[in-house]
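For reference, TrEMBL has these:
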- 291-363: domain 'DUF1736' (DOMAIN)
- 390-415: region 'Disordered' (REGION)
- 534-567: repeat 'TPR' (REPEAT)
- 683-716: repeat 'TPR' (REPEAT)
- 35-58: transmembrane segment (TRANSMEM)
- 118-139: transmembrane segment (TRANSMEM)
- 146-163: transmembrane segment (TRANSMEM)
- 169-192: transmembrane segment (TRANSMEM)
- 270-288: transmembrane segment (TRANSMEM)
- 309-333: transmembrane segment (TRANSMEM)
- 353-371: transmembrane segment (TRANSMEM)
- 435-457: transmembrane segment (TRANSMEM)
- 463-483: transmembrane segment (TRANSMEM)
């Protein structure tokens with residue numbers, strides 16, 4: 001009998017130089033694993049089926065409904081120069097969220113079904129199922145056992161913290177970034193395998209070198225796509241480096257700091273390539289931002305706006321604790337955690353600092369244990385040698401070996417003889433799995449910690465989509481260790497299985513219920529009242545205002561202002577709500593009433609207040625709508641206003657401008673003409689009327705209007721140029 005030792009890599013186990021035994025393709029265990037992948041991805045699909053009937057909600061409105069980059073008429077090249085919300089990256093008001101791959105997927109959705117929410121939600125669900133399948137495959141590689149792989153996959157599929165990323169359409173950025181994140185990591189693990197073979201004394205030669213280069217190119221492409229889908233995707237580079245240095249090769253940190261790089265030539269090759277890739281991507285990203293970091297409102301991230309350094313430090317160190325708690329116990333979730341959802345930590349004696357201290361103490365303890373594991377005395381790579389009797393001897397091994405021997409038969413040249421060999425499988429150690437899990441949990445979360453730059457949120461649940469993979473790996477392997485510890489004790493083993501099953505079922509139920517919250521904006525904002533009452537009440541008031549529930553809207557606006565009285569937009573919307581009430585009252589039919597005189601007086605009063613509010617509220621409102629691209633809505637408001645106040649020059653003139661922008665040239669011409677009758681000596685009104693005549697091919701009328709405008713303002717260059725163009729056109733006809 002011949003014994004062969006296998007060294008593990010990312011995808012399979014090598015025998016000698018040429019043969020690889022893959023977990024995916026050998027024996028019943030592989031088939032069980034394939035069933036597990038199908039089961040977890042199907043579970044992810046089923047849990048989110050109730051989102052298919054959901055509407056657009058919250059940020060979906062700005063990213064999809066009002067995003068001009070989704071329209072077929074908009075040049076597709078605009079996606080490269082605009083942010084996630086359709087604003088040019090160089091614009092001072094840009095959010096600087098650069099996610100062209102995600103926007104491209106939205107544009108594809110628009111091409112297939114325009115603004116029908118079903119297609120967008122279906123895309124998110126399918127993407128989540130695919131990511132769950134890929135994560136389960138990755139968990140299989142790391143955990144290498146069916147039980148923990150199943151737990152990790154189901155936990156990831158069912159975790160309620162993912163509802164914002166999957167049920168909220170804009171969360172596709174996080175789900176898509178996770179897909180490319182996993183592909184980049186898996187590809188880099190393959191790169192490490194072929195690179196190590198190429199550096200070994202009996203390596204694969206030129207063929208392996210080509211494969212090595214190929215897989216790093218794939219890593220670079222997937223990393224770039226991950227970053228272009230969501231910014232945090234670039235952190236996969238740090239996870240790859242941690243895997244290569246500390247899991248696969250146990251490189252000592254002291255050797256890195258003292259630059260003993262000659263001891264780790266192949267590891268330094270990978271690290272060098274990753275550093276170059278990371279630097280290039282970060283430089284590219286910063287250049288497209290216009291070399292400026294984004295600016296956010298103080299309410300988005302109150303700690304960042306604080307002038308007290310101690311408050312910033314204590315609050316920013318507390319926020320990761322809250323995020324980890326949401327992963328651990330996702331009972332309380334919210335669509336928005338800004339403003340005072342999490343009060344600032346302004347004093348050292350704040351009780352919450354004890355949670356911060358406990359969290360970082362535990363994290364520090366784990367880090368010290370892992371550092372000891374990395375810095376323990378290195379052992380030489382296992383190298384089996386056969387003596388004359390066919391017995392295998394070895395020197396040392398670099399990994400903890402959990403030997404699960406199994407026998408195979410290999411036919412010899414003879415038809416009757418065969419050779420039996422026993423193969424021992426090497427697995428990742430507990431420390432290795434901990435390093436991988438913590439790397440995925442921590443590195444993708446770092447951009448949200450305000451360490452390098454301030455972010456526009458306090459907590460964002462969808463940001464936890466990628467880090468949650470590390471959490472799921474950690475929990476799954478912990479459950480597996482308990483299951484293995486009590487394997488001989490049937491009762492305790494069953495308790496472990498029941499606890500795991502109950503946890504997954506509870507999380508699944510929480511996810512389904514949370515999906516219902518994301519069904520529409522009214523449900524969503526109602527659910528956030530306990531966490532962020534000011535934001536939730538203000539948004540709920542806007543929804544009721546749009547539904548025509550003016551009394552409820554007024555109540556909600558006032559309620560929002562009791563929690564946060566400095567919200568200018570809420571004050572404005574409350575006044576606009578009164579404006580609509582006056583308008584509605586003025587339009588009421590009083591015929592057939594017992595006291596028509598009293599009601600008539602009330603209507604006159606309401607009409608008076610309505611006319612007072614028209615210019616004070618309506619013009620700023622329509623300017624805002626025009627600036628945000630909502631021209632049709634602005635035009636409708638102007639049309640309503642000029643019915644009540646037909647002789648107001650400013651209203652009529654602005655209405656004509658807006659109607660011209662939406663392409664209603666005939667109506668625009670009529671209103672410009674009315675403006676010239678209201679103010680006969682307005683050169684601007686005559687010039688714009690001439691321009692509309694010009695556009696509508698009424699050349700003689702246009703010429704007369706231009707001449708009248710020049711009488712009133714002879715030095716107006718625009719009018720002079722328009723008149724020259726008009727006369728050139730008339731001379732040709």
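Glycine too: its Cβ is placed from the backbone N, Cα and C atoms.
In this chain, the transmembrane segment (270-288) lies out of contact with the transmembrane segment (35-58); the count of Cβ pairs under 8 Å, excluding pairs fewer than 6 apart in sequence, is fewer than 3. Taken as a whole, the repeat 'TPR' (683-716) shows an average pLDDT of 89 in this prediction.
Helix, strand and coil residue tallies for the domain 'DUF1736' (291-363), in that order: 36 helix, 0 strand, 37 coil [DSSP].
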